[in-house]
Amino acid sequence: MVLKEIPTENITRPLGRNEVIGLLFRLTIFGAVTYFTIKWMVDAIDPTRKQKVEAQKQAEKLMRQIGVQNVKLSEYEMSIAAHLVDPLTMQITWHDIAGLDEVITELKDTVILPIQKRHLFEGSRLLQPPKGVLLYGPPGCGKTLIAKATAKEAGFRFINLQPSTLTDKWYGESQKLAAAVFSLAIKLQPSIIFIDEIDSFLRNRSSSDHEATAMMKAQFMSLWDGLDTDYNCQVIIMGATNRPQDLDSAILRRMPTRFHINQPNVRQRKDILKLILENENVESAVELSEIAKQTDGFSGSDLREMCRDAALLCVRDFVHQESPEEDFIRPIRQEDLQRAIEKMKKSKSAGVHEAFMQVPLD
């Protein structure tokens, strides 16, 4: 009965032009409101939103500093660009590294020279710069300093890549960030992608690896292979590690140029001590050769810490003297360095594990 009361012409008649426009307008408004509402909700629940905004501001600032303003970057490239280091702001040069003259000379010949003198090597594929360089050896021996000095002296853009930058909770985002690393480096070439503690990121693959991590590593290596096929590409991936045995064999294949940065010998320790104490107030009677002989097994960072302890002894004597007859801190003496050596040896021989085991846990 109800259907009979509805005029059939109102059901079958076509919509008018104004009605169609009105319907499309309402659908457009509804779609826009739905889109922005969902986008706002996703941004609201994203715990990294604030960090992403700050990273974008930092990236834009760094891009202006290095003189790159007309290059368009994607959202993912902006996230990676936040880890750019301006070569002009890096204070590290070859003169700040002592005891590694042979490594520095080989780096200059095999990595820097083929890029700075490209016109001399254009006709040879064998003389092209390597796409992967590995610095390995004990901690505190100058691996990171060498990487920064290489970028500084060669004028490369330096991307200090943190593995945590490539991790994202959304599926597929890590792969996009990995791709952005290489696309950004190519846009900014010549450039160095430096990965410190590379073994924590590209270690041996196993069946227990998470699916997202395995996919990210696979894509990273695939993009890396793309650098090898493009002989005009001026992008170098440089890694540093204390545990080269933990690196995946596929990664080692992609890093054919390797430098072993070992603990310094007596001559190298003397050179390092000269560099550390070069601008310090030191007595002329100090025998650095003797100090170098007594510091067997010390790394470069150990020697710096030892010299700092010796300098602090001079400060303590000045502060605690009963009748301050002098208003200046005395120079570093031989006995100050001897005491600092003994302190460093005790801390090195104590053993961190043994010290922690003596701490009560309840």
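Residue positions begin at 1 at the first shown residue.
Quick reminder: no glycine exception, Cβ is built from N, Cα and C everywhere.
Lifted from Swiss-Prot, the feature list:
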- 1-19: topological domain 'Mitochondrial intermembrane' (TOPO_DOM)
- 20-42: transmembrane segment (TRANSMEM)
- 43-362: topological domain 'Cytoplasmic' (TOPO_DOM)
- Gly137, Pro138, Pro139, Gly140, Cys141, Gly142, Lys143, Thr144: ATP binding site (BINDING)
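Restricting the average to the topological domain 'Cytoplasmic' (43-362) gives a pLDDT of 80. For the recorded site, Thr144 (ATP binding site), the DSSP three-state label reads helix. Long-range Cβ proximity for Pro138 (ATP binding site), meaning a same-chain Cβ under 8 A and a gap of 6 or more residues, is found for Asn242, Ile261, Asn262, Gln263, Ser299. All chains included, 18 other C-beta atoms sit within 10 angstroms of the C-beta of Gly140 (ATP binding site). DSSP assigns Pro139 (ATP binding site) to coil in the three-state reduction, outside any helix or strand. A simple way to gauge crowding: the CB of Cys141 (ATP binding site) has 25 other CB atoms within 10 angstroms, across all the protein chains here.
Summary of the ATP site environment: with the site residues Gly137, Pro138, Pro139, Gly140, Cys141, Gly142, Lys143, Thr144 set aside, the chain residues having Cβ atoms within 8 Å of the Cβ mean position are Leu135, Ala240, Asn242, Ile261, Ser299, Gly300, Ser301.
Take the binding-site residues Gly137, Pro139, Gly142: by the count of other Cβ atoms within 10 Å of each Cβ, the lowest one is Pro139. With a cut-off of 8 Å between CB atoms and residues at least 6 apart in sequence, the same chain places Leu135, Tyr136, Gly137, Asp196, Ala240, Ile261 near Lys143 (ATP binding site), listed in sequence order. A sphere of 10 angstroms centred on the C-beta of Thr144 (ATP binding site) encloses 17 other C-beta atoms.
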